[in-house]
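Okay, structure first, notes after.
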Amino acid sequence: MPLKLAIVGRPNVGKSTLFNRLVGKKIALVDDQPGVTRDRKMADGRLASLPLSLIDTAGFDNVNDDSLEARMRAQTEAAIAEADLVLFLVDARVGVTPEDETFAGLLRKANIPVVLAANKAEGRAGEAGVFDAFRLGFGEPVGLSAEHGEGMAELYESIRNALGPEAYERALEEAEPDYERGAGEDILEKLAHIDIEDTTLSDDDLVAAIEAADIDADVAEAPVQSDRPIRLAIVGRPNAGKSTLINQLLQSDRMLTGPEAGITRDSITVNWEWEGRQIRLVDTAGLRRKNKVQERLERMSTAETIRSLKYADIVALVMDAHEAMEKQDLQIADLALREGRGVVLVISKWDTVEDTDGAARHIRDLANRLMPNAGGAPVVFLSGLTGRNIEKLMPAVVKVYKDWTARAKTGDLNRWLRHTVEHHPPPSVQGKRIKPRYMAQMKARPPTFVLIASRGDQMPEGYKRYLVNGIREAFDMHGVPIRLFVRQGKNPYAGKVGADGPPRHKRRNN
């Protein structure tokens, strides 16, 4: 694991700006308003040759009650305890404040290496603030500008000196290896020349390309990438119980929670292991209707949540048991499915429901009726607060992930297609039959299929949905979006023996 570096300091000294610079992209929300960061946020970054596991923390306030600020302080203290090295940031333009001095006292008691940096050190006012920071007792401060990238070389040297030669070399040796080409990428690369959106491509060429690619053989040869973490995003409306659910899963107060709606602002990522399987949990800010997203900061949080959803594998949509399946829930589910993510429906606060049997039947009925595109997504009824039924969530997530990554063998797929068309053929258009001829799965994540059919451009949307639902049931792909592209053209077997239809397909022996 890379060196764990916690960036700490009072509110609005530039911690998240420095965090984003070291990560190399904008992950933490940044705003002039103090207290933007509330949870501790983690990401991998780099400073020169030194790989880092960075922890961005909430601003440190000197409070001791049960307020939101006190809980934010507890998250910061947890980050300090977890880190190998602390980067203590002060504002050079303001100078040392009583809050900075209190924080310095806390760090001295923590018995952990500390690097002191004075941010916003541009200009004469900044120079005076750097000099003032000497009195905090952590040696020579590093003057820097996180916004403009100034002082990074000096920061690197200070971190290296604080670690010492042995710890520094160990940090370099224990860094994770660079990204390796994942299994399955070769398959997609072989199919890259097949543009299923290209309506100028003849069916003969498309069918030939599909068969030449020998998809089933490639899939059989490709090793299962079991070490790849499942990226699970926890999404939902504000105060639905998302952070409480993650804390219950992790068995720790990793996420800041409380009765106030909208506590989580950033998308917080936590690496976790469940029954030997690596999981990357992402807690997100609550999504509201657009007309209720008024503050600039909340708009930034909403955009960050949508970005996290787009990069997830599976989305757990958390809904309050007493307010489930409202319009905003349906819109979030629709967004996840349109982005090609697998979906698990989570009904939280189940410990507060009296008639659980009746409520469960009602919610499942609503899900089937109002979320037809979710395709029978599993529904898990649980309580993040008490842990009731919490053990049912991850098996449902892993099952949907397997469906999301599943592939149907081409032979099985076409046998199913022939049987389906024989029993329920597509309707005629202007007295002329539509003849589905050949189907292949082009990719997984999500499962994507192409169907070759005469007059395919005239196939009714209702029949396409019928085929998608049939694929879902026949190949057990529930809770995941299924994409079907229909292409038209002449009979690819015309002029051959048995030209009135496609030949029988045999299962490949892999």
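Don't overthink the numbers, they just go from 1 along the chain as shown.
Including glycine, each Cβ sits where the backbone N, Cα and C put it.
Straight from Swiss-Prot, the features:
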- 3-167: domain 'EngA-type G 1' (DOMAIN)
- 9-16, 56-60, 119-122: GTP 1 binding site (BINDING)
- 230-405: domain 'EngA-type G 2' (DOMAIN)
- 236-243, 283-287, 348-351: GTP 2 binding site (BINDING)
- 406-490: domain 'KH-like' (DOMAIN)
Practice task
Inside 10 Å of the Cβ of G9 (GTP 1 binding site), count up the other Cβ atoms and send me the figure.
Solution key: 25
Fill in the blank from the handout: Cα-Cα, G236 (GTP 2 binding site) versus T57 (GTP 1 binding site), nearest Å, comes out at 24
Exercise for the section: Quick one: pull the CA-CA distance for N239 (GTP 2 binding site) versus G9 (GTP 1 binding site), whole Å only. Expected result: 28
Exercise for the section: Please report how many Å separate the Cα atom of N12 (GTP 1 binding site) from that of K242 (GTP 2 binding site), as a whole number. Expected result: 26
Exercise for the section: Tell me the residue counts in helix, strand and coil for the domain 'KH-like' (406-490), as DSSP assigns them. Expected result: 31 helix, 23 strand, 31 coil
Completion exercise
Using a 10 Å radius on the Cβ of N239 (GTP 2 binding site), the other Cβ atoms enclosed count 19
Practice task
Determine, from DSSP, whether G236 (GTP 2 binding site) sits in helix, strand or coil.
Solution key: strand
Fill in the blank from the handout: Looking at the binding-site residues N12, T57, the one with the fewest other Cβ atoms inside 10 Å is N12
Practice task
Using C-alpha positions only, work out which of the binding-site residues G9, T57, A121 is nearest to W350 (GTP 2 binding site).
Solution key: T57
Fill in the blank from the handout: K242 (GTP 2 binding site) sits from G9 (GTP 1 binding site) (Cα to Cα, rounded, in Å) at a distance of 27
Exercise for the section: Looking only at C-alpha atoms, tell me how far A121 (GTP 1 binding site) is from K242 (GTP 2 binding site), rounded to the nearest Å. Expected result: 39
Practice task
Determine, to the nearest whole angstrom, how far the Cα atom of T57 (GTP 1 binding site) is from the Cα atom of K242 (GTP 2 binding site).
Solution key: 20
Practice task
Could you tally the C-beta atoms, other than its own, that fall within 10 angstroms of the C-beta of K242 (GTP 2 binding site)?
Solution key: 29
Exercise for the section: Specify the secondary structure state of W350 (GTP 2 binding site) as given by DSSP, simplified to three classes. Expected result: helix
